[in-house]
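Visitor: The structure under discussion is supplied below as structure tokens; questions concerning it will follow.
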Amino acid sequence: MTTNIVLSSSLCCSHPLRLPPSSSLPAQLFQNARNRLNLSHLTTRRFEFPGNDGLFRQSAEHTRVSLAGAAHLSIAATQLQDSPNVRDNALVSSYIRLGAIDDARKTFDSLPSPDIVSYCSLISYYAKNNKEDEAVYLFIQMCRSGIEPNEFAIVAVLTACIRLSSFQLGIQLHCLAVKTNHLSCVYVSNATMAMYIKCSSLVCALQLFGEMFQRDAVSFNTIISGLIQDSEYCRAFDLFRDMQLGGLRADQFSISSLLTAAAELYLLMQGKEIHAHSLRLDLDSKLSVNNALIRFYTNCGSVEDVVGLFERMATRDVITWTEMASSYMKFGLVEEAVRIFEKMPVRNCVSYNAILNGFCKNGNGLQALELFCKMLEDGEEISDFTLTIVVNACAMLSDIRKSKQIHGFVIKVGMSSNSWTEAALLDMCTKCDRMDDARKMFNGWSDKCSRSIAWTTMICGYAQNGQPEQAMALFCAENELILDEVALATVLGVCGNLGFVNKGKQLHSYALKSGFLSDLAVGNAAVSMYSKCGSLEDAIKLFEVLPERDTVSWNTLITVYLLHREGENALRVWRKMERMGVKPDSVSFVLILSACRYIYESDSVNICRRLFLSMRCYGIEPTSEHYASMIHVFGCQDRFEEAEELINNMPSEPDASVWKALLDSCGLRSNVNLGKKAAQHLLATEPQDVSTYILVSNLYSASGRWHCSERVREEMKNKGLQKHPARSWTINDNKIHSFFARDRSHSQSKDIYSGLEILILENMKVGYTPETSFVLHEVEEYQKKDFLVYHSAKLAVTYGLLMTEPGKPVHVMKNIRLCGDCHEFLKYTSITTKREIHVRDASGFHCFRDGKCTCGDYW
């Protein structure tokens, strides 16, 4: 049947329409429809269509709300009641298509008996337009009204469930689909799989996929995407091959997903095969495929591949430009990335984040902060990710003032509660030497899932800021947290720094049982721990059984021998590296050049020189650290003229490390004139370095130039610089016992001092005489002896002798070099007590046995 309806402006104006009493439309809705009419621009027009819903379709096609309102008004007036459900559903659908959702909902609410079509229209709209709660509520209302949901309703509410990431609701919908026999519909199964994947339940999605009787390309794309999100890249490729064998044609979604997998796994050949497949399927013009190709060639190709692809693209969107900028950043081409960023037709928050992140990855923290400030000035959108990047950039700069400003800003905008941003803030505090603030954050940490990350960050922070005891205390206090590779490697490093060998052995056992020893960082940290704790044999044995080694592993082994002053063995390791084809890095050369100080051969200097000259064969340019190592070797052999010549021939200006090495060597050999020259350069280079002033002052004191020494110390005091006090410590009963010079804070100080006085008398009987020349202060002779007697190393060794069993060696650590008098004292102590005394100071290990030291009295 064809119905002719005539709309006339004169009819609407001259003869006001009245809603019949029998109509189901409320007066307010009638008035809304009438108010929407603006027919002054319309002529009388005849619409011909089959059925009463054609007029609404006409209005939706022409995107005219006024036309829909006119149709609504006309139908209400003429009481077209022959097919009310068809008419009402068409009206609801038309309003939805036109975006008049309030009118659609009012129309729906006025229906005396809405059917499944009415419900589906609204549920679908709500689910797709960020009104998921309303979609779910309406779906429940529909079910309670006795209407059995069809496949469209289930798919619509599953869409809402996906957006809500509601696993429990998703399971109930899955059960409902099974009960109503709608799961056999491929669309319902696909939506259910998507729900499980969004709720991080890939296992359930895979099980459902395996049970499907019918699958289409969307089914495969959904599960492939889920596998890639879960880093199951190989299984994704296997499923793609199954898809092809099943005769299904790949589309742009499957191609884009597989290119992502190839990029993540750095699978160049597989990625190129996917690229070729997309060309055969004529998908190379698809924007999403080209964007994925840019990501793939960024990871697996060259910058030329990426640029060529970008230039051939006929159409580009904001994702394309952002991917291109990210690509340049990844290749280290910061200027090109900035140029692309500035040329972007449109930018969004993701574009800014890509540039910010690129600056950080390329070590340009200051540029990242500058761009962030510009974003704020321009009113650009910022996200949690933006702030996390900016906080990381601030951490790179280690600037306390800037870190406080950024921290305050994050709190002000209310984003500090985000777990990732909060973790970044904690890391920033530790890297900016704000450990007190970091501790306050950690104590108030509320997110249980990220507490382990925060714990690891705190331990790393304490270790990096020279507070190993606090790091160990925090480690021991948190028994419930699970160690990961980062935390394990960090704590092993702390154990090494403290000489905490028992705790280190426990961690080694844990790493072995948990399988973490296969991690390179953990294995290297364990070798280093044993070497720093004086367990040379254990360190070498562990190195030999490491399942995998890299250059860092070999560097660690060289360090083992360097700490124990075994230069010849370090050189043997170097030669073995060469035979095995292990490529050394810059650090390797610093270590082996330093080891040449302990090669007691007549040609040790020549060996050092040959090693130095061989660096360029490995593509390594000598740095100031390498020159400093060479100067140390020259100083050991008292060849200061050659050291001066080397400095004068440096290709760049010598930095503080070079002058410090020369000054240190001059102090050991009492070369005051050259030392004075080195001191002048050093003070000019690093006027705020405390250690520089100490070295200069000690050099003057050692040569008896007390007035010069006092002048240097006075200058240091005027600048507000304070010397870190000498500290010695030993481990007893799994506790660290620290001592400072003339320190009486220990609970057993009375016994320690009494024991030390007895020890001094016993040592003097066999020849020990306090060497007052090592007192670097101009005081009376009796005062000098008092200074010497109660040095921290003597106190720590005495405590160790009192607390360990007879015959057992004593282990002591010291944060600076042993003074000459303590060195002599410990040699005599090893005679009178018949005990081995192991001391690790800033120069390495000393093993005192039978009145001799392994350092050969040169340290």
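Including glycine, each Cβ sits where the backbone N, Cα and C put it.
Remember, it's a predicted structure, so these values are computed and weren't measured experimentally.
Per TrEMBL, the features are:
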type   : residues : note
DOMAIN : 767-859  : domain 'DYW'
REPEAT : 115-149  : repeat 'PPR'
REPEAT : 216-250  : repeat 'PPR'
REPEAT : 317-347  : repeat 'PPR'
REPEAT : 348-382  : repeat 'PPR'
REPEAT : 550-584  : repeat 'PPR'
REPEAT : 689-723  : repeat 'PPR'
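Tell me about the surroundings of these features in the structure.
Guide: Model confidence over the domain 'DYW' (767-859) stands at 85, taken as the mean pLDDT rounded to a whole number.
Proximity of distant same-chain residues to the repeat 'PPR' (115-149), defined by a Cβ-Cβ separation under 8 Å and at least 6 residues beyond the stretch ends, is recorded for 85, 88-89, 92-93, 96, 101, 104-105, 108, 156-157, 159-161, 163-164, 169, 176, 180, 182.
Here the repeat 'PPR' (216-250) has long-range neighbours at 186, 189-190, 193-194, 196-197, 202, 205-206, 209, 257-258, 260-262, 264-265, 267, 270, 277-278, 281, 283, meaning same-chain residues at least 6 beyond its ends whose C-beta is under 8 angstroms from one of its own.
Within the chain carrying the repeat 'PPR' (317-347), a Cβ under 8 angstroms from the stretch's Cβ atoms is held by residues 287, 290-291, 294-295, 297-299, 303, 306, 310, 354-355, 357-359, 361-362, 364, 367, 380, all 6 or more beyond its ends.
Secondary structure of the repeat 'PPR' (348-382) per DSSP, as helix, strand and coil residue counts: 26 helix, 0 strand, 9 coil.
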Visitor: Would you mind splitting the repeat 'PPR' (115-149) into helix, strand and coil residue counts from DSSP?
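Guide: Counting residues by DSSP class gives 26 helix, 0 strand, 9 coil.
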